[in-house]
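Over in Swiss-Prot, the protein carries these features:
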DOMAIN    70-257  domain 'RNase H type-2'
BINDING   D76, E77, D168  divalent metal cation binding site
Amino acid sequence: MATIKEVTALLAQVDSLDSPVWDQLAQDERAGVQAAIKKRRKELEKEAVEDARLEAMLFYEKSLYENGVEFIAGIDEVGRGPLAGPVVAAAVILPKGCKIRYLNDSKKIPKSKHEAIYQEVMERAVAVGVGIKDAALIDEVNIYEATKLAMLEALGKLSQKPDHLLIDAMKLDTPIPQTSIIKGDANSLSIAAASIVAKVTRDKMMADYDKEFSGYGFAKNAGYGTTEHLEGLNKLGITPIHRKTFEPIKSMVAGGN
């Protein structure tokens, strides 16, 4: 009779809930074996749910592939709402059929997993481009236009020209065919990939700014108007990376602070 350790090793090789191994092991009444079976089944059930989620997020991509499109770029941005720092956009072309576990809208991914998923996207992507527009440009042209410019910059930095664009709720001035998707980062894997690249890139920039401009909590709040950030503004005033057309900074500038 196989030891519990051997049974556990065997179960680790099972990758389907339909495997005949389950019926074979069901006859083994040892508590350790039954616990190992329960644990492995739960793991596979969780993987099946994740596979189904990823498959659903490839709906737009698969439709385009079926129509002969080869290279699809997902485009998304991070940083439209903060009071400080740039808006960052990313464009990502994933290989056909690529599934990256736990890739989702970056806002739904635990921060502890950001870096690992970012690295996997960077390793597996056909091409990645990043566009960055600073606070000065945001103040000059407005955040909506700056976001579009960041997206176009990211698109222009791709080493492979895409045949079609999937964009999160935006339309770009480009001859490349495009599809604008509401909540695209939660409904398209390509856009989700762009979302995590933009998020990690911007978070790293804000962490660097935190060292340069201490007292605002940029490493933690990424430039959003948290209590710590607002207190820093009141005590220290504005920095060169603050958006002067955003309140309350706009009023502070008008008041001479």
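Keep in mind that glycine also has a Cβ here, set from the backbone N, Cα and C atoms.
The Cβ of D168 (divalent metal cation binding site) has 24 neighbouring Cβ atoms from other residues within 10 Å, across all protein chains displayed. Within 8 Å of the Cβ centroid of the divalent metal cation site, not counting the listed residues D76, E77, D168, the chain contributes I75, V78, A89, A90, M151, I167, A169, M170, G184, D185, I191, A194, S195, A198. On the 0 to 100 pLDDT scale, the domain 'RNase H type-2' (70-257) averages 96 in this prediction.
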